[in-house]
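What Swiss-Prot records for Lys45, Gly52, Arg53, Gly54, Glu91, Ile94, Glu99 is ATP binding site. Residues or ranges marked as Mg(2+) binding site in Swiss-Prot: Asn191, Asp204. The substrate binding site annotation in Swiss-Prot covers Asn255, Gly312, Ile313, Thr314. Swiss-Prot lists 9-235 with the feature domain 'ATP-grasp', giving sequence analysis as the kind of evidence.
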Amino acid sequence: MRLHEYQAKQIFSKHGIRVARGELATSVEDVRGIAEELGGKVVLKSQVLVGGRGKAGGIKKAYSVEEAVEKAKEMFGSVLKGHIVEKIYVEEMIEVQREMYAGLTIDRANKGIAAILSSVGGMDIEEIAVKHPEKIARIAVNPKWGLWDYQIRELLLNSQMPREYWKEVASILKTLYRIMVHYEAELVEINPLVVTPDGLVAADARLNIDDSALFRHRDLEKLRDYTEADQMERIAMEKGLNYVKLDGNVGVLANGAGMAMATMDLIYIYGGKPANFLDIGGGASAEVVREAINLILSDKNVKVVFINIFGGITRCDEVAKGLKEALADVSTPVVVRLAGTNEEEGRKIMDEFAKDRPNFHIVETMEEGAEKAVKLAEEV
């Protein structure tokens, strides 16, 4: 779960990291009131969960209350990288003397945490790595032992960080690490971390929380912005389905994340593109299967659906019952592969169901199913 900038800054501030004064606005009148309170010179920041807001026109400076109001009128309701701007964070304009970068992220390759520091900032970390490789430092952190002082010194040296900022940057890195561990985050980032006459300030903030840890952080769960989620992904969340929308035309339904990803790989191998990732999990009932099918078919880009089930905890006959109910009036081509627990019973249900339905195809293997689905998608 990714938090908005204003939410992340509230958490950073709570833990002692300095941020500029600011408030959230949901209307032009809110912007007027906040701008007046902050003295007129403000920065208006669209609160949408995408990167590169500045380059896309989602961040604007205003040097008077009236200018802030006029720019807010332009921003509210505008579309920024596919997202409608409904909230603006109004922040006091600060004097920026230098921009830097500090962040921590999950390092899956090393099965730990990566601490990253750069003496330049204000751009994507990937861009920094290309343009200023000598000014970026990265170090692996073992969560068992934490972030040590000698590792921070190594980061400061290798990033060519001016010594006058060492003490403050070191303190911020330690705080970011505490935040990451406490909230079980996947990413904690300040970009840019700016130098001002009053010290270092987090001019932007990112905090991504591991969805699997949210049951231990009910206070953070309340911060989730469902209006920012894709409509279908939001529906999937509400129904407890693991769904990610993609840009292909072959709908995918599988039981288990590994099975779903393997199915998607096969679709790519045979020249197609999956329209989604959808894992119904283990032990899915007919009702869950029906909900999953309806979700896939609500995507207008889907030309064919490939259902790939290997029954373990999930029973093939239970899946077949759900498919029978969900697909009774569907004309979209459907390819089904059932194997595993109660496979014979499931196939009997499917064979009977497919008799008068030329759009329904039952296959023996994953490879056969993926190839068939891609071919059908090309023909539609």
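The backbone N, Cα and C atoms fix where each Cβ goes, glycine too.
All features noted in Swiss-Prot, drawn onto the structure.
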residue	record	DSSP (3 states)
Lys45	ATP binding site	strand
Gly54	ATP binding site	coil
Glu91	ATP binding site	strand
Glu99	ATP binding site	strand
Asn191	Mg(2+) binding site	strand
Asp204	Mg(2+) binding site	coil
Asn255	substrate binding site	coil
Gly312	substrate binding site	coil
Please identify, among the binding-site residues Lys45, Arg53, Gly54, Glu91, Ile94, the one with the smallest Cα-Cα distance to Ile313 (substrate binding site). Arg53
Give the mean pLDDT for the domain 'ATP-grasp' (9-235) on the 0 to 100 scale. 93
Long-range same-chain neighbours of Arg53 (ATP binding site), Cβ under 8 Å, sequence gap at least 6? Lys45, Ser46, Ile59, Leu80
Measuring CA to CA, name the entry from the binding-site residues Asn191, Asp204, Asn255, Gly312, Thr314 that ends up nearest Glu91 (ATP binding site). Asp204
Whole-number Å distance between the CA of Asp204 (Mg(2+) binding site) and the CA of Thr314 (substrate binding site)? 45
Candidates Gly52, Gly54, Ile94 (binding-site residues) - the one closest to Gly312 (substrate binding site) by CA: Gly52
Between C-alpha atoms, which of these binding-site residues comes nearest to Asn191 (Mg(2+) binding site): Gly52, Ile94, Glu99, Asn255, Thr314? Glu99
Validating a neighbour-count step here. Other CB atoms within 10 A of the CB of Asp204 (Mg(2+) binding site): how many? 22
Provide, as an integer number of angstrom, the distance between the C-alpha atoms of Gly52 (ATP binding site) and Asn255 (substrate binding site). 35
Say we define neighbours as other CB atoms within 10 Å of the CB. Which of the binding-site residues Ile94, Ile313 has the fewest? Ile313
I'm trying to understand the geometry here, so how far is the Cα atom of Gly54 (ATP binding site) from the Cα atom of Thr314 (substrate binding site), in Å to the nearest whole number? 47
Surrounding CB atoms that lie within 10 Å of the CB of Gly52 (ATP binding site), all protein chains: 11
Between Thr314 (substrate binding site) and Ile94 (ATP binding site), the C-alpha gap once rounded to whole angstrom: 57
